[in-house]
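Participant: What TrEMBL records for this protein is below:
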| type | residues | note |
| --- | --- | --- |
| BINDING | Asn76, Thr78, Arg82, Glu121, Asp147, Asn206, Leu207, Arg224, Asn225 | S-adenosyl-L-methionine binding site |
| DOMAIN | 1-278 | domain 'CheR-type methyltransferase' |
Amino acid sequence: MSQALRPAHDQRFSDLIRSRTGIQLPVHRRQMIESRLRPRIAAVGATGFEGYLEQLFDHGLLDDELPLVIDLLTTNKTDFYRESAHFDVLVDKILPETIRHATPHAPRLKIWSAASSEGAEAYTAAIVLAEAQRAGHRFSYAILGTDISHRMLERARRAIYTAEQLSPVPAELRARYTMAGRAPSHAGTARIVPELRDRVQFMHLNLMDSTYPVDRDVDVIFLRNVLIYFGPEDQAAVIARMAGHLRPGGYLMVGHSESMVVSHPQMKQHSPSVFRKT
């Protein structure tokens, strides 16, 4: 490929990924991009990243490869109990508030993990809420996890995690809410118990879509460590859509490095990285 073509292909690729996923691909992330796409570069027999872009744009592979590219570039690591203060807010502030203002029927919390990856965030919420029920609080809950990656959603539905992945979960809760793998192929793993898996639904969703097939009376949305990859315009658009799916008084939780990007007339900061809809 000529040197003259490379910048054009690079820019076209970056623009395409931003328009489809919101993720910006600055030059300094080039090495990371190439590393993540190495399996696809090898699969199509391309000579390096430039050769792969040529296959996409000049040789008709874009439609077949794009879903795989998006999957590889949008897969982000999540941990159980990551930024655990958010789960304290959920149990100590939001849950009692919901119970106090409930109708005579037991209140029902709706929680949305909007970039759920392989499910650790959603299942952490399920664990802390199950513990609140054990402590005597009367309520029910439903959790929705969404992600752009079909591969991550499949993992989330299976709910099988390694001992290392589950290490942030206190031992007592691991014993209560996971089942150790018995088959040789699952040695060293554990699965979330059915009682919690039944409370969590996973669905494919692209945050860049103009509308979301999600209820508009959600109590809590977790949108953590995603906005940092978006440009200002896309950040504002996603936050506006999220506000539209929260009930009045509902909460939006973002990553600790993302508080500064939440600017919306209906969203007021409640505490660091926690916003409430007015």
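Cβ coordinates come from backbone N, Cα and C, glycine included.
Because TrEMBL annotations are produced automatically, they should be read as predictions rather than curated entries.
Quantities reported herein were computed from a predicted structural model and do not represent experimental measurements.
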Participant: Far apart in sequence but close in space: which same-chain residues, 6 or more away, have a Cβ under 8 Å from Asn76 (S-adenosyl-L-methionine binding site)?
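Facilitator: Those within reach of Asn76 (S-adenosyl-L-methionine binding site), by Cβ under 8 Å and sequence separation of 6 or more, are Ala115, Ser117, Asn225, Val226.
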Participant: So what sits near Arg82 (S-adenosyl-L-methionine binding site) in its own chain, CB-to-CB under 8 Å and at least six residues off in sequence?
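Facilitator: For Arg82 (S-adenosyl-L-methionine binding site), the qualifying residues are Ala120, Glu121, Thr124, Pro168, Arg224.
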